[in-house]
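Feature annotations, reproduced from Swiss-Prot:
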BINDING   Gly67, Pro68, Glu69, Ser70, Ser71, Gly72, Lys73, Thr74  ATP binding site
REGION    335-355  region 'Disordered'
COMPBIAS  341-355  compositional bias 'Acidic residues'
Amino acid sequence: MAIDENKQKALAAALGQIEKQFGKGSIMRLGEDRSMDVETISTGSLSLDIALGAGGLPMGRIVEIYGPESSGKTTLTLQVIAAAQREVKTCAFIDAEHALDPIYAKKLGVDIDNLLCSQPDTGEQALEICDALTRSGAVDVIIVDSVAALTPKAEIEGEIGDSHMGLAARMMSQAMRKLAGNLKNANTLLIFINQIRMKIGVMFGNPETTTGGNALKFYASVRLDIRRIGSVKEGDVVVGSETRVKVVKNKVAAPFKQAEFQIMYGEGINIRGELVDLGVKHKLIEKAGAWYSYNGEKIGQGKANACSFLKDHPEVAAELDKKLRDMLLHSAEGNSLVSDVESEDEGASESNEEF
C-alpha cells in the first residue's frame with residue numbers, strides 16, 4: 001500500500017527523532033524485528049516440548065508452573081535448569097520455600113557448583129534479586145520457588161493473625177510491571193512455581209485458584225498445570241509418578257495441549273521411555289511382539305530393555321530425539337500427538353486478592 005510522500009517524510013523524521021532520543025532499535029517495522037523467532041529452552045520432556053509448540057519454554061518471557069503438592073513442579077524446573085546448563089547458560093534458583101535439595105538436583109543433572117542460589121527473607125527481597133540478576137544481562141534462567149512463599153515484609157514483621165488483605169497481590173503486580181521489560185531486553189527466562197488454593201463458596205465451575213493475585217496470569221507467556229495422575233511400579237514397589245501437564249496459556253504457539261510422561265524417583269523425567277513410545281508411534285522404532293528394533297537392529301526385548309539400550313548408547317538416543325523433533329515440531333502430526341484441553345480445565349483461571 002503506497003503512503004503519501006509527505007506522510008512518508010513526516011514518518012521518517014519521527015522515526016529518526018525517536019531513535020535519536022531513545023536509541024537505535026527502539027522502534028522498527030515488525031517484519032524487521034530480528035527477535036521474532038523465539039529462542040527456547042527444553043523442558044527435559046520431549047512430549048511437553050512438542051505440546052508447547054515452540055520446542056520448549058521461551059526465553060525473555062515469564063512462565064508460571066502450578067499444581068498440587070508433590071506433582072513434580074520443582075522437578076520440572078530443575079530439568080529446565082539442567083537442559084539450560086548443557087547449553088552453557090547461567091541459571092539462578094530463588095528458593096523462597098527454603099526447601100531445595102542439592103543432592104536431588106545433582107541426580108537430575110544440575111551442575112550445583114555453577115547454580116546461583118538465594119534464600120531470601122522477604123518477598124520484596126526475592127523479587128529485587130530477580131530484577132538485579134535480570135538487569136545484569138548475565139543470567140539466562142531464573143526460577144522462583146514459589147509465589148506462595150513470597151511473603152511481604154509487612155506480614156513478616158506483623159503478628160500472626162493480622163490481616164494483610166491484597167499485600168502479596170500488590171507486590172506481585174508491581175514486580176511484574178518492572179520485570180517484564182527487563183526480561184525481554186536481557187532475553188532471560190523467569191519461571192514462577194505456584195501453589196493451588198480453593199475458592200470458598202464456589203458452587204459451579206473450577207474452585208481452584210493460584211496464589212499471588214491476577215498480575216502473574218496476565219504477564220505470563222506460558223502457564224503450565226502439572227498433575228500426578230498415577231504411579232509407576234516395579235512389582236509392588238512404587239518407583240515413579242505418571243504425570244500430565246496441560247498448557248493452559250501459550251503466547252508463542254497454540255495453547256490447550258497436554259503431554260504425559262513419567263517422573264522416576266531419584267532420576268527425573270523418563271526421557272528414554274518417551275523416545276521409545278514416540279518412536280514406535282511414529283514408526284521410527286519397529287515393534288514385533290516384545291522386541292524393539294531401530295534401523296533394523298534389535299535394541300531390546302521389552303520397553304525397559306529398550307530404554308537401557310538408549311541409556312548405554314546416548315548417540316542413538318540423540319539421533320532419535322533429533323528425528324522426532326524435526327518430524328513433530330510445528331507440524332500437524334505433532335499437534336495430533338497431544339490432545340486439546342477443555343476450557344473449563346484452564347484451572348486456577350482466577351485469583352482472589354487475599355491469597
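Cβ coordinates come from backbone N, Cα and C, glycine included.
The structure displayed is predicted, hence computed values, not measured ones.
Of the chain residues outside the ATP site list Gly67, Pro68, Glu69, Ser70, Ser71, Gly72, Lys73, Thr74, Ile226, Arg228 have their Cβ within 8 Å of the site's Cβ mean position. Annotation for the binding-site residues Gly67, Pro68, Gly72: lowest Cβ count within 10 Å of the residue's own Cβ, Pro68. Between the listed binding-site residues, namely Ser70, Ser71, Thr74, the fewest other CB atoms within 10 angstroms of a CB are found at Ser70. In this structure, the binding-site residues under consideration are Glu69, Lys73, and the one with the smallest number of other Cβ atoms within 10 Å of its Cβ is Glu69.
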